[in-house]
Amino acid sequence: MKSGEKEQPGVLRDQAGKGGGPGPTLGRAPSCPHLLPDQGPLTMDKGEEDDDEEAWLQLRPVEPLPSQCCGSGCSPCVFDLYQRDLASWEAARASKDRSLLSGEETQSCPSKLSPETFLAFCISATDRLTKDTYLVRFALPGNSRLGLRPGQHLILRGIVDGLEIQRAYTPISPANAKGYFEVLIKCYQTGLMSQYVESWKAGDTAFWRGPFGGFFYKPNQYGELLMLAAGTGLAPMVPILQSITDNAEDETFITLVGCFKTFEGIYLKTFLREQARFWNVRTFFVLSQENSLEQLPWSYRDKTHFGRLGQDLIEELVGSCRRKPFALVCGSAEFTKDVAGYLLSAGLAEDSYFLF
């Protein structure tokens, strides 16, 4: 932290890339050896050389475990940060100059998001949406904003049974939200990060770094956005959708298709219902484990399909778009791969869709 800089409440700093924890505390560079009258510098004996070598080895960056990579293709990856820090360590060791190391970086890094530095945010509320999905709200200092563009994601770091893990999640709160951000997280029975998330309660802190993401939406950039989402793949669609409906100058059409197992499993029903009232927004649902329209509320019956999102339905959706569509796809790796193939077969070019 810079001299005189005030610590902002609710935000702590922590450096990524050194085994996931804070960087090692570096000792000062050894002072020049005292000179005796009419003598040169004292030479280091064998024991001192061994101690110095051990000290350098203790400062060597720790190579990340595979579990510390979130697998989302973010840049810089935790392994990129490790290679950077290792190069700095090797240069410092060769010149015997510890001041070249970056161990003090956490004290001077800004109190805003950084792709390289984890910041700890306080959990202000947790809401269980379904039996396995949570909406978690994190506090930001004062009325500050998170600083993400719609659709960008963050990397969460967790530690379970001494093992560090990292996963990518997309905040669903509006890009202009002040004083907070919200994340939609699905938990799995055997997931390590799920164990960590399910232990959260208000007042806890969680470490995030970012932002990441290669899709940058601009108002009126496309005639129509065809949003195809499975499960929590809905997350990046939410802030993009809301940024459009919040902007009276943005006349982009939106067709959003949410794929879920059951009607009860649909996330954010109230939000989606409110968004569908806008003149330029349509919403549809694909339910894989439902088979009776009579079991659904009347307002859902004319916009719900049963089964899975396949080639026929994709072609129908593309054909019904009111303007030339640009597709956004987010879901499991299998879902994303399949839908990309369906879009190509439906006539969309590779530059006419984006896979989150």
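Including glycine, each Cβ sits where the backbone N, Cα and C put it.
All TrEMBL annotations are machine predictions without curation.
For R167, Y169, L184, K186, M193, S194, the entry in TrEMBL reads FAD binding site. TrEMBL lists 116-218 with the feature domain 'FAD-binding FR-type'. Here TrEMBL flags 1-54 as region 'Disordered'.
In sequence order, L156, V183, I185, C187, G191, V197, T232 are the same-chain residues whose CB sits within 8 A of the CB centroid of R167, Y169, L184, K186, M193, S194, the residues recorded for FAD being left out. The average per-residue pLDDT of the prediction over the domain 'FAD-binding FR-type' (116-218) is 93, rounded to a whole number.
Of all the binding-site residues listed here (R167, K186), it is K186 whose C-beta has the fewest other C-beta atoms within 10 angstroms. If you take the C-beta of Y169 (FAD binding site) and look for same-chain residues 6 or more apart in sequence within under 8 angstroms, you find H153, L154, L156, V183, L184, I185, A235.
Cβ contacts within 10 Å of M193 (FAD binding site), excluding its own Cβ and spanning all protein chains shown: 20. For S194 (FAD binding site), other Cβ atoms within 10 Å of its Cβ number 19. L184 (FAD binding site) has a Cβ environment of 22 other Cβ atoms inside 10 Å.
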